[in-house]
Structure formats: C-alpha cells, structure tokens
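Below is one structure, written out as structure tokens; comments come after it.
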Amino acid sequence: MTDFARRVERGWYQGSPWLTPLRPLGWLVGRVAGRRLDAFRRQRTAPPVPVLVVGNITVGGTGKTPLVVALAQRASECGLSVVVISRGYGGKAGRYPMTVTPSSDPAVVGDEPLLIVRRAGVPVVLDPRRDRALNYVVRELAPDLVISDDGLQHYALPRSAEIVVIDARRGLGNGRCLPAGPLREPASRLDQVDFLVANGGVWPRAVTMHLKPGKLTRLSDGLTLDGEAFRERFGAVHGVAGIGHPERFFRSLAVLGLAVTPHAFADHHAFKPEDLAFADGRPVVMTEKDAVKCQGFDNTRLWMLPVRAALPGTVLDAMIDRALNPDSAPSATAPESVEKERE
C-alpha cells in the first residue's frame, strides 16, 4: 500500500478535513449505487440454483473469505454439492470461466480462490462476470448451492440470499461513499441483506464471528507448532501481510505473545523471495492467503498462521437454509443468541 493510500484510508476512518471537497462525489456515487440497486430489485429474477452471496460494502478486507470456506465446508457436510464462484482478483487468467484446482498457479487464478479450493475442498470457478460463471457451473457441474465470494454489487448475478461481513473494530469509517469514504454503497444497504456478520465484535443486528488462529505451519516442510510452542522457540518474528487490513493480522500475532516487526504490503501483492529476505534471521510469519504465493520459495524461515471463522453451526445452517428457501421468513440471528450458542 502506498503512503498516499494509507493517508486516504486513515482519513476515512480517523477523519481528515482534506476529504471534505470529495463529499459531493461521494454523494453522487451513493446515488448511482442506490439507483443500480433499485433497478436490480425491479428486474430481479430467481437464479437457476440457490445462490448465496458473501460480500461487504466497504473497501478492504473484512474477513469474508474464512466465512466462505466455513459455509462451503458446512454445506458439504450436510450432503450438498457446492461450488464457489469468484472474480479471481489478482490473477491473470487468459480465459474465462476457469476452474481452480489445488495445484493451480496463484499468479494465474489469484490467492483467495486457491486458498478456498485448498481449505474447503469444493470446486471454485473464476470469471469477472459472475453471471457467466453461474451459467457455466449450472451447465457443467449442476450444484445444489453456489456461493459467490464477493459480488454483492455485481447485480447481473441473481441471488437467493445475501450476507455482508463488517469489520467490527473499524466499522463503516466516516459513513461516506467512495472516494470521500470507504463505502461502495450507502450504509442503508445493510438494512436490505439477509444476514450481517460482525467480524471481531458486536454490531447492531449482526451475528458475531471471530477468526480463530490454528497452528503455525512452516512452508518448507509442513512442520506445525501451536502458539505457545512457537513463542517459546522464537519469541520475535517478522509479520508479513498482503491483505486488505493487515493490522488485524499483526494484532493476532501479538495476541500469541510474539514480538512483531510488521511489514504491510498491498492487498494481493505478488511476493518475490527478496520481499521476505530479512537479514536478522528471525522467522517470517504470513497469512495463509499470502502463503499460497510463497510455497516454492527457498527459505526455511517462512511460516503461515491459518485462521478459521468461528461461529455456531446453527448460524451457518440458517444462512444455507435461507439460500435454499429464500421465500421463508427472515432468519437473521441476533448476537445474544450466538453467545448463548457458544456457552
């Protein structure tokens, strides 16, 4: 992320007077987004198979990919045939639609689709035009459920249910649309989705989700250590993150008791070995999303920290059921019931 981009982001979330001249443009973006949504609702058609869209209304990472993985795994456990469709941001596929396999090149298919196919074990199909991806998977794979990774604003894609993930710590910033603020659509869009998911905290009417860290895994040989064993062995690390909100990852390392030297890169950064060649010999810990791009590097100091979306299975079931039965009564779960489920 460039210094200018960081300055803009700080202004969105912490306030900055120099953003004031951009407010009219942000208002215009919000108006256009609202009209697009109105047109979509007037012309809305039922998808050929149930489609569950997982997205956000803010720029940057909110934690939706772990939720996509959790939903795909849960639906598969329930006996459903599941396919995930994605834009494949960061990849350079020469043709679409393209099916992702566990051995796909992340430079071609993108980091998030490769992470999803490896973690969830379900087919992932890429196409910037998600409506075309949907038609392809219906024709070729005939799934029981399609999960769209992102695509909330892709209104050419018919959908059965919508989930929006919010970063509960950062919220909606100044509440303004791009470029005056971080919103892709006005905040009122949250009132129209089937489920709100608050990542890392409480939000009105939202289900609370936490990202739980797994064992740290060395990329060179697959060796795993839990957080305590890793801390006792190393103590201090370089934290590397090429994701939408890298500070969240650095905090998760600090929570493990590690002394972290942070290194933030742009979202979907194409890592090179020299990016990770630190002279002090300390371990380099990265996100699982970044690790899929660094597996072949000749560096025994590279580790990854995987995370999973932690929320009750009953909530995942309700989300899946909503997509399968879109005409049923709204089934959003209040945070209180989620906490009760955990106890």
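Using the three backbone atoms N, Cα and C, a Cβ is placed for every residue, glycine included.
All annotation found in TrEMBL is predicted automatically rather than curated by experts.
These features come from TrEMBL:
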- Thr58, Val59, Gly60, Gly61, Thr62, Gly63, Lys64, Thr65: ATP binding site (BINDING)
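Within 10 Å of the Cβ of Thr65 (ATP binding site) there are 25 other Cβ atoms, across all protein chains. Within 8 A of the CB centroid of the ATP site residues Thr58, Val59, Gly60, Gly61, Thr62, Gly63, Lys64, Thr65, the other residues of that chain are Asn56, Val165, Asp167, Gly244, His245. Under 8 Å, Cβ to Cβ, and six or more positions away along its own chain, Lys64 (ATP binding site) finds Val54, Gly55, Asn56, Asp149, Asp150, Val165. In the three-state DSSP classification, Gly63 (ATP binding site) falls within coil. Fewest other C-beta atoms within 10 angstroms, among the binding-site residues Gly60, Gly61, Gly63, are seen around Gly60. For Thr58 (ATP binding site), the same-chain residues lying six or more positions away in sequence with a CB closer than 8 A to its CB are Ile166, Asp167, Arg170, Leu172, Gly173, Pro182, Leu183, Arg184. If you take the C-beta of Thr62 (ATP binding site) and look for same-chain residues 6 or more apart in sequence within under 8 angstroms, you find Asn56, Val165, Ile166, Asp167, Asn199, Gly244, His245.
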